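Features reported for this protein in Swiss-Prot:
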type	residues	note
BINDING	G11, M12, S13, G14, G15, I16, D17, S18, M37, G115	ATP binding site
DISULFID	C91-C188	disulfide bond
SITE	H116	site 'Interaction with tRNA'
ACT_SITE	C188	active site, cysteine persulfide intermediate
SITE	Q329	site 'Interaction with tRNA'
Amino acid sequence: MKERNKRVLVGMSGGIDSTATCLMLQEQGYEIVGVTMRVWGDEPQDARELAARMGIEHYVADERIPFKETIVKNFIDEYKQGRTPNPCVMCNPLFKFRVLAEWADKLDCAYIATGHYSRLEERSGHIYIVAGDDDKKDQSYFLWRLGQDILKRCIFPLGDYTKIKVREYLAEKGYEAKSKEGESMEVCFIQGDYRDFLREQCPELDTEIGPGWFVNSEGVKLGQHKGAPYYTIGQRKGLEIALGKPAYVLKINPQKNTVMLGDAEQLQTEYMLAEQDRIVDEQELFSCENLAVRIRYRSRPIPCRVKRLEDGRLLVRFRETASAVAPGQSAVFYDGRRVLGGAFIASQRGIGLVIIENKDKL
């Protein structure tokens, strides 16, 4: 009879990180079951061959249709709405870890493991996500939406490693060719520019939305753009407009198909609204003296304070100015390296009145 509490289901892409994860867990005495989610592209031949070499069970979960109907659709819809999505943040709870949990239950595996560069810490009855030791590879930012039920089953073996050490480990274990492979794509279903992907998947963008106007903060037209979905807050390159000085995207209005341009100073803000949050312990978040927030992947955490508004949203006050706050991106809150929770950056419309009403309460 198989010992369930030693069976681990590993999300196995066939890349460097999932290969190292399998080998490390095997060394620790776990029985490994590999599942490769096919969400885009070709058959996962690499993963099959690696599983055979390691002598582990391997299955392929063909999730191409539901992945396209949920994650890819959301990605396109967010850009249509003038927001800047992060598909990994959406995928992890809605898709990746949900599917892995379903397969783990089906295959009688107690645990789920992935090659994320993050750690877990149990404190006061809660499981917290903790930033991985490799600051350049840390993926805690992408995991804030995972619930306690999933985190209790998760193992992240690479959290204590740097990418260099993982490559060295694979080479030592006889996987030298694998250790020299390049990095995986940042967004698994996009090769190249996301704008080309939008046009390919949603050709009506150019016919139904089409070109619109760049405007300044007074609403004066500055020139034409290719369509609001093709721009992001803070963007400077690729605007294809000459104003005699550097210009940045300040706001996007999908209803009017306008893109507001301005200078770098106009991107600065001391406040931000966030919504659809998941917080581990609200009392801890609101009272934390060392609280800091990341407003995009790999950005430096900015010291802040947070308040819950009556409408359920969060008002974040930065202790130093932040730049290019982009609706749709994630705001992930940290106490040191420990994730206390996260939220989606909301539309900042009407924030002036909110600030006036709450300025003395933060």
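Yeah, the Cβs are placed from backbone N, Cα and C, and that goes for glycine too.
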Distance in Å spanning the most remote Cα pair of G11, M12, S13, G14, G15, I16, D17, S18, M37, G115, given for ATP: 16
Cα distance (Å, whole number) from C91 (disulfide bond) to G11 (ATP binding site): 13
Which of C91, C188, all disulfide-bonded residues, has a Cβ with the fewest other Cβ atoms inside 10 Å: C188
Nearest-integer angstrom distance between the alpha carbons (Cα) of D17 (ATP binding site) and H116 (site 'Interaction with tRNA'): 8
Nearest recorded site to M37 (ATP binding site) by CA-CA distance, among recorded positions H116, C188, Q329: C188
D17 (ATP binding site): tally of other CB atoms within 10 A of its CB: 24
Integer Å distance between the CA atoms belonging to C91 (disulfide bond) and G15 (ATP binding site): 19
Between C188 (disulfide bond) and Q329 (site 'Interaction with tRNA'): CA-CA distance (Å): 18
Integer Cα-Cα distance in angstrom, H116 (site 'Interaction with tRNA') to S13 (ATP binding site): 12
For G11 (ATP binding site): DSSP state (helix, strand, coil): strand
Nonlocal residues around S13 (ATP binding site), in sequence order (Cβ under 8 Å, 6 or more apart): T36, P44, A47, G115, S184
